[in-house]
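**Student:** Quick paste from TrEMBL:
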- N94, H99, E104: oxalate binding site (BINDING)
- H97, H99, E104, H144: Mn(2+) binding site (BINDING)
- 47-197: domain 'Cupin type-1' (DOMAIN)
- 1-21: signal peptide (SIGNAL)
Amino acid sequence: MSLKLFPFLLSSFAILQLSISGDPDILPLPPPNPTNNNNNNITGDHFTFTGIRPLFHQRPTTLTISTATLAEFPSLAGQGVSYAVLQFPSGAANPPHTHPRASELLLVARGVLEVGFVDTANNLYAQRRLRSGDAFVFPKGLVHFQRNVGRKTAVAFSAFGSASGGGMISIPAAVFASGIDDDVLARGFRTDEDTVRGIKAGVMGYSR
């Protein structure tokens, strides 16, 4: 074998190994039932989730998020997918947050949303008017947001590459409702402690 081909073959092997050792295999069926240790009693009902159905008859007055994750839909175990449905009354926003375990693919079903995310160099990538039928992807772990900029309630569907929904860390809550000392926050935001306490009161009230 020519020595010139060796680096190419080595890099090809490395890429192959990465592809093989990426995501774990998806389970074709849920794990065996612990009570009888077999799947003989599984029917289509096991793979059906109706928990989101009621929201189609609701008129929310605040941001409402309904989820179909492993917590609500145990059949997602081993499947690596989950859903969330977001309802935004006019002017409502989903504050900056992150999903540390999954990317998010958002599809607008109704209304107009402003969306965006910030990369690790603090660059903002935003779409000011995402309309019905448009999709936007939020990369895994990056801070992002959504806001209804239309006059009517907006509805969006979010798909996650994780059965758990990717987890969620609210930036306002993580910073101002987590017990970090007022002096630390005041120094970090170059303000005074009274301002920090005012923000904390607002964030904690919003979070309830």
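Glycine too: its Cβ is placed from the backbone N, Cα and C atoms.
Burial and contacts for the listed features, if you can.
**Tutor:** A sphere of 10 angstroms centred on the C-beta of N94 (oxalate binding site) encloses 20 other C-beta atoms.
Taking the Cβ of H99 (oxalate binding site) as reference, residues of its chain lying under 8 Å away and at least six apart in sequence are, in sequence order, F138, K140, G141, F160, S162, G165, G166, G167, M168, I169.
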**Student:** Between H97 (Mn(2+) binding site) and E104 (oxalate binding site), what C-alpha distance do you get in Å?
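**Tutor:** That separation, Cα to Cα, works out to 12 Å.
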**Student:** If you count other C-beta atoms within 10 angstroms, which of the binding-site residues H97, H144 is the most crowded?
**Tutor:** H144
**Student:** Any idea what the Cα distance is from H144 (Mn(2+) binding site) over to N94 (oxalate binding site), rounded to a whole Å?
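**Tutor:** Pair distance, Cα basis, whole Å: 9 Å.
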